[in-house]
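See below for the structure under consideration.
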């Protein structure tokens with residue numbers, strides 16, 4: 001065991017943190033400050049000098065790209081006979097904020113993320129803190145250890161044990177949640193509004209229109225409100241190419 | 001010089017093609033069939049057995065992801081004090097279809113791409129054949145040579161000589177072209193329609209509304225049509241988070 005490793009794990013003032021990271025990652029981190037940054041939310045970073053730059057947002061940008069590349073390759077090789085559209089759809093399912101948030105929760109990120117609880121609610125369904133930190137962590141691993149290491153780490157430690165690709169393949173896309181999630185990510189208001197039926201006065205039909213930031217999007221018409229909403233959401237997703 | 005290289009460059013029936021690729025890439029390709037696939041458009045692949053799978057679309061999916069990761073890292077390191085929003089915006093400029101099409105043209109892809117000229121017009125402004133093939137080529141290089149090689153290739157052979165990042169930084173985004181390009185990519189119709197002025201009857205003001213696939217999007221109001229169009233395009237881009 002090299003000396004630096006012994007120091008990090010047993011002597012350094014950060015040894016508890018290093019051990020927690022080792023349990024999470026399966027390896028002893030090299031540059032600890034990268035990992036600390038990956039778990040530092042903007043809400044707490046703003047209190048620090050040059051805070052914006054010290055939050056995990058830049059690492060999240062990098063990690064999102066690295067994760068996208070690794071998942072693209074995994075799918076490319078896993079499905080040699082599927083076309084590009086299928087691969088794109090599968091990748092969105094895997095890297096969806098909902099999925100990454102769940103992953104962050106499962107991996108115990110709650111204990112690691114530094115954030116300001118007076119401004120951010122980590123348990124809220126709207127929160128993407130966990131998923132964002134997951135991507136930032138990938139960015140940190142990449143800068144610390146390089147692409148091939150990060151790819152192996154993602155495949156062996158994350159994808160194989162935690163992501164059931166074949167089940168995701170079967171999952172029918174829920175367009176309403178997809179749309180709502182998209183609006184949350186882009187800070188847009190979304191309303192499903194019951195509008196007068198444009199197909200004449202067939203009282204049995206419901207027309208639901210999606211409004212995003214008060215701009216009318218697609219309309220769905222069906223015999224019950226739920227199906228009309230679903231249809232309106234699907235059409236809006238298509239319109240926005242989400 | 002290893003024997004396989006001598007064979008490929010001087011003896012193989014593909015030697016002309018190998019030399020053309022070597023000139024383009026700066027290295028002798030390993031698995032030639034990957035590069036052939038990268039330059040095979042769907043229009044010609046459909047004529048071949050299992051054609052869809054033999055076109056460059058799957059490689060384009062992979063190459064797009066690898067390119068995104070490399071560009072993310074280049075920007076991350078080039079701009080250590082810029083926030084995530086700036087990095088994201090810069091990356092979209094670099095990997096925009098317009099930019100990649102120009103790059104494909106500059107690199108002489110016209111000579112290499114196989115496509116069916118009766119169904120596809122490679123010189124049309126709407127065509128994304130060149131940019132698509134560029135991404136597919138990155139996918140091929142990645143599968144042939146791995147991530148680090150592809151990264152070096154992209155940085156030394158493509159980004160440094162052909163992409164002026166600092167000039168792109170200054171370029172103000174043209175929202176109208178951005179929106180039109182997006183609609184082309186997603187096969188949507190776009191119309192800029194002069195609509196009755198909603199701000200009362202100030203005859204000097206023009207209202208332009210964007211319609212995408214006949215669905216009303218944002219409206220721009222200004223004292224001349226061009227500015228109203230520009231504003232409507234900008235608001236629609238924001239609405240669609242393009």
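Heads up, the Cβ atoms here are built off N, Cα and C, so glycines get one too.
Predicted automatically and left uncurated, TrEMBL annotations should be read as such.
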Quiz item: For the Mg(2+) site that TrEMBL assigns to A:132, A:135, which of A:60, A:73, A:193 is also named?
Solution: A:60
Practice problem: List, in sequence order, the residues of the same chain other than A:60, A:132, A:135 whose Cβ lies within 8 Å of the centroid of the Cβ atoms of the recorded Mg(2+) site. | Solution: A:56, A:57, A:59, A:61, A:63, A:64, A:128, A:131, A:133, A:134, A:136, A:139
Quiz item: What is the average pLDDT across the domain 'RNase III' (A:18-146)?
Solution: 88
Quiz item: What Cα-Cα separation, expressed in whole Å, is found between residue A:64 (active site) and residue A:132 (Mg(2+) binding site)?
Solution: 9
Exercise. Look up residue A:132 (Mg(2+) binding site) in the DSSP assignment and reduce it to helix, strand or coil.
Key: helix
Self-check item: binding-site residues in contact range of chain B, given that the Cβ distance is under 8 Å, out of A:60, A:132, A:135
Solution: A:60
Exercise. Could you check what DSSP calls residue A:60 (Mg(2+) binding site) once collapsed to helix, strand or coil?
Key: helix
